[in-house]
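Below: one structure, written as structure tokens.
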Amino acid sequence: MNKVILLCRPGFEKECAAEITDKAGQREIFGFARVKENAGYVIYECYQPDDGDKLIRELPFSSLIFARQWFVVGELLQHLPPEDRITPIVGMLQGVVEKGGELRVEVADTNESKELLKFCRKFTVPLRAALRDAGVLANYETPKRPVVHVFFIAPGCCYTGYSYSSNNSPFYMGIPRLKFPADAPSRSTLKLEEAFHVFIPADEWDERLANGMWAVDLGACPGGWTYQLVKRNMWVYSVDNGPMAQSLMDTGQVTWLREDGFKFRPTRSNISWMVCDMVEKPAKVAALMAQWLVNGWCRETIFNLKLPMKKRYEEVSHNLAYIQAQLDEHGINAQIQARQLYHDREEVTVHVRRIWAAVGGRRDER
């Protein structure tokens, strides 16, 4: 199986293709990307027959920015008979996957696929039973086995394949299902909530998103991102010349500072989180974020980089490389991840965590 399908936001297929071509090439897994505008997915076809599996095993999924999900597939199954779509699909997967842990019957995230998505949900139950009978799926769901993917691109046309549960998105179609909180000041709140789900393992939330932490929200008005921090019982400095939602101020957890986010300097030394969603050139935001991290003004940060109209992948890569270079220059170990989230539009969300290690019997960030 030499093809890898990558799901992405419709309209960002070229960026997704540029990224996978670049990062696969760095690992000497060569091939070419098939791109159809606004399709919501890209097919990366490797030149060597087993390189699809090698790619999804060796390249960390967390290193990808524009892909929501990926899986290796075989040839396209076409003209599935309406009276029996199951048998050809089972036949394609037998000998490819054994005792898979989960089945996902998916489509691309486009308006055209909405009707097809309804079919996929109904089709999943009988297909799962047939795949279990054939030994393709285990008799119970388990996160320790590969995920079986059936990806429909049109009625009666699908790709079949798999991904590794240790190196994929845990979410169906790569999209966390989040509900907009009725009391949140703006829909942007979902960006930060999704970022927490994508970047921070669930079993680390209690430690890294803990009650009583101090946080800073730069460019906070009206408070969509501050809302997520308050919800987790943090104390928040919300920095913006624009007003904050009264509902947030009434909690007593928010201090509103009428200042420019680019000029604000924290006075506390125990700030755990800094978040930032400002409409500004990405290079300017990246420079500010690097300054916060180098100076140790926060332990972790999540921020958005607005994308230009052209060369988006190159621009994001350049900004991330700048931040990495600044950290390296000052001897700071950090983990950097970036992803175009489902709730992002012309932007990507970046997470940087300074790594704390025991040095000479004390906790130290370096």
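Count begins at 1; order follows the chain as displayed.
Backbone N, Cα and C atoms are what each Cβ position is placed from, and that goes for glycine too.
Keep in mind that this is a model prediction, so the values were computed, not measured.
Pulled from Swiss-Prot:
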type: ACT_SITE; residues: Lys306; note: active site, proton acceptor
type: BINDING; residues: Ser188, Cys221, Pro222, Gly223, Gly224, Asp240, Asp260, Asp277; note: S-adenosyl-L-methionine binding site
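Overlay of Swiss-Prot feature records on the structure.
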residue : record                               : DSSP class
Ser188  : S-adenosyl-L-methionine binding site : coil
Cys221  : S-adenosyl-L-methionine binding site : coil
Asp240  : S-adenosyl-L-methionine binding site : coil
Asp260  : S-adenosyl-L-methionine binding site : coil
Asp277  : S-adenosyl-L-methionine binding site : coil
Lys306  : active site, proton acceptor         : strand
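Site extent for S-adenosyl-L-methionine: among the recorded binding residues Ser188, Cys221, Pro222, Gly223, Gly224, Asp240, Asp260, Asp277, the largest C-alpha separation is 20 Å. Between the CA atoms of Gly224 (S-adenosyl-L-methionine binding site) and Lys306 (active site, proton acceptor) there is a gap of 17 Å.
Counting only same-chain residues six or more apart in sequence, the Cβ atoms lying under 8 angstroms from the Cβ of Asp260 (S-adenosyl-L-methionine binding site) belong to Asn241. Taking every protein chain shown into account, Ser188, Gly223, Gly224 are the binding-site residues, and of these the Cβ with the most other Cβ atoms within 10 Å belongs to Gly223. A simple way to gauge crowding: the CB of Asp240 (S-adenosyl-L-methionine binding site) has 22 other CB atoms within 10 angstroms, across all the protein chains here. The Cβ of Cys221 (S-adenosyl-L-methionine binding site) lies under 8 Å from the Cβ of Ser238, Asp240, Asn241, Gly242, Pro243, Met244, each of these being in the same chain and 6 or more residues away along the sequence. The CA atom of Ser188 (S-adenosyl-L-methionine binding site) is located 14 Å away from the CA atom of the residue listed as 'active site, proton acceptor'. Here the Cα atom of Gly223 (S-adenosyl-L-methionine binding site) is found 19 Å from that of Lys306 (active site, proton acceptor).
Note: the CA-CA distance between Lys306 (active site, proton acceptor) and Asp277 (S-adenosyl-L-methionine binding site) rounds to 9 Å. If you take the C-beta of Asp277 (S-adenosyl-L-methionine binding site) and look for same-chain residues 6 or more apart in sequence within under 8 angstroms, you find Ser188, Lys191, Leu192, Gly219, Gly224, Trp225, Phe303, Asn304.
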